[in-house]
Amino acid sequence: MSVEALLVTAAWKGPYEKDYNLVPWLTTFFVYSKRCARNKNMGNVTSAPEFHFIQLSEDPDLQPVLFGLFLSMYILALFGNLLIILTVSSDSHLHTPMYFFLSSLSMVDIGFISTTVPRVIVDIQTHCPVISYVGCLTQMSLFIIFGGMDNMLLVVMAYDRFVAICHPLYYQVIMNPSRCGVLLLGCFLLSLLELLLLYVAVLNFSNCEDYVEISNFFCDPSELLKVACFDNFTSSIVRYCVGALFGLLPISGIIFSYYKIVSSIMRSSSSSGKQKTFSTCGSHLSIVCLFYGTGLGVYFSSSLSHSPRSVAVASVMYTVVTPMLNPFIYSLRNKDIKTALRKILSRVF
C-alpha cells in the first residue's frame, strides 16, 4: 500500500464513530521520510550537495539517552553562562578587565554551543541527520566565528593575567576600557579572518558529489576540508596552515604569558600572594588544556583517524563539555564570583 493510500485509510472512523485519525502523525512521518530519501537522491535535481552527519550511536536504545544527555548539557551551559553574565553585570566590584573578558567568554560560549547542540537534538529526534549546502555553510560560519572568538579570548585572558601579575602598577593604565574594547574587537576580526581563509577552500563544492558524508555530528571545518574538491595534499596544507596560525600561535602566546607569570611568582616571597595567583590562574589553565587539547587533537587528526565515531565523540569535549564547564570552573574556584553569587541569591531568597 502506498503512503498516500495509507493516509486516506488512516482518516477512517470506526463503527463506533471513535476518531482514529492518524493523519497528523503519518503526515509528519511521511514528510521526514520523503525528505531523507530525497536528500540521498538529489543528483538529478540540483548541483548543490547535501551533507549527511555520522550518528554518535546507531543503537536505537541509546537514542533517548543521547537526547537527554545533550539536552541536559545544553541547559546547564545556558544556565551557567547566563549566571556568570548576570553576576558580573550586577556587581560593581566585578567591573574589571578580568571579569569583562570572563563575561564576554560566557556570551561567546552560549553562541558556540547553540551552533551545534540544538541541531544534534533535532537530528536525534527525527532520525534524519541531514543538512543542506547553505545550512552547512551557515553552521560552519557560526562555528568558526564563535570558536575563533573563544580561542582568542583565552589568549587575551592570559595576557590580562600577565599584565596584572607582572606589571601590577601599570595594570589600570594598560588594561583601560578602550584597550579592552579593542582587544575584544580584535578577537572578532581574527575569527572573521579564519572564516575567510577556510571559505576559500570549502566553497569548492560546486562540481563535487551530490551526497557528502561528514564524519562528525556537525559541519566541522576540518571534515569539510577533507571532502572538498581538491587533492589530499592541498587539503592538508590548508588544514595545517590554518591550524598553526589560529591554534599553535595562540597556544604559544598563552605559554609565554604563563612562563612570565610563574617566573614572577617564584621571585615573590609572599605565600598568600602565590596561593591567590595560582587559584586565579588555575581555572583559566584548566579550560585552556581542555579546549585546546581536544580541539586541536580533533582538527589535526581528522584526516588520519580511521574511526570517525571516535573523532565525533572527541568533538563533544570541546564543542559541548567545555562551554558547559567554563562557568562552573570559574565560579567554584573564584572567591569574588562566589561572593557575588551569594549576594544575588540573598536578594532573591
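Cβ atoms are placed via backbone N, Cα and C, with glycine included.
Because TrEMBL annotations are produced automatically, they should be read as predictions rather than curated entries.
What TrEMBL annotates here:
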TRANSMEM  65-86  transmembrane segment
DOMAIN    80-330  domain 'G-protein coupled receptors family 1 profile'
TRANSMEM  98-118  transmembrane segment
TRANSMEM  130-159  transmembrane segment
TRANSMEM  180-202  transmembrane segment
TRANSMEM  237-259  transmembrane segment
TRANSMEM  280-300  transmembrane segment
TRANSMEM  312-332  transmembrane segment
**OP:** Look at every Cβ pair spanning the transmembrane segment (280-300) and the transmembrane segment (98-118), keep those 6 or more apart in sequence, and say whether at least 3 of them are under 8 Å.
**Re:** no
Counting Cβ pairs under 8 Å that sit 6 or more residues apart, are there three or more between the transmembrane segment (130-159) and the transmembrane segment (65-86)?
no
